[in-house]
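Input: a single structure, listed below in structure tokens.
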Amino acid sequence: MERTFIMLKPDAVKNKHIGDILQRIEKEGFKILGMKFLKLSLEDAKQFYAVHAARPFYNDLCTYMASGPIVACALERDNAVAHWRDVIGATDPKEAKAGTIRALFAESKEANAVHGSDSVANALQEIAFFFKGYELN
């Protein structure tokens with residue numbers, strides 16, 4: 001079994017898509033190991049997205065991610081990282097395949113409903129950012 005980290009972004013929470021996305025998580029065969037509803041501080045967002053610090057969108061991304069509540073989840077299933085990336089679709093919802101989470105729920109390339117780890121190594125780091133080991137089932 002493989003683990004991945006996902007986050008429902010402020011737009012998905014604001015637009016009341018939490019239930020729909022959680023249903024999709026279960027339908028896709030993921031086990032939810034841990035889940036938290038919280039609001040990131042700007043400092044936390046900057047630390048979480050530090051890998052993008054040199055990119056031109058970094059400050060706007062961090063400000064956006066600190067703008068409202070998020071839902072952080074640690075998930076598990078076979079091929080979890082790649083499968084979740086397929087389920088969420090392209091970063092830009094205009095390019096996302098029909099039926100993917102971003103095609104269904106994203107507002108824009110920036111407010112694109114969900115985050116998903118892009119590798120197993122990053123998934124483990126991202127899970128550790130939000131969860132202590134004893135918090136995971």
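Each Cβ is built from the backbone N, Cα and C atoms, and glycine gets one as well.
Among the candidates ARG24, ARG102, the residue that Swiss-Prot annotates alongside LYS9, PHE57, ARG85, THR91, ASN112 as binding ATP is ARG102.
Taking a C-beta cut-off of under 8 angstroms and a sequence separation of 6 or more, ARG102 (ATP binding site) has the following same-chain neighbours: ILE88, GLY89, ALA90, THR91, ASP92, PRO93, ALA96, ASN112, ALA113, VAL114.
Of all the recorded positions listed (LYS9, ARG85, HIS115), LYS9 sits in the most crowded Cβ setting, with the most other Cβ atoms within 10 Å.
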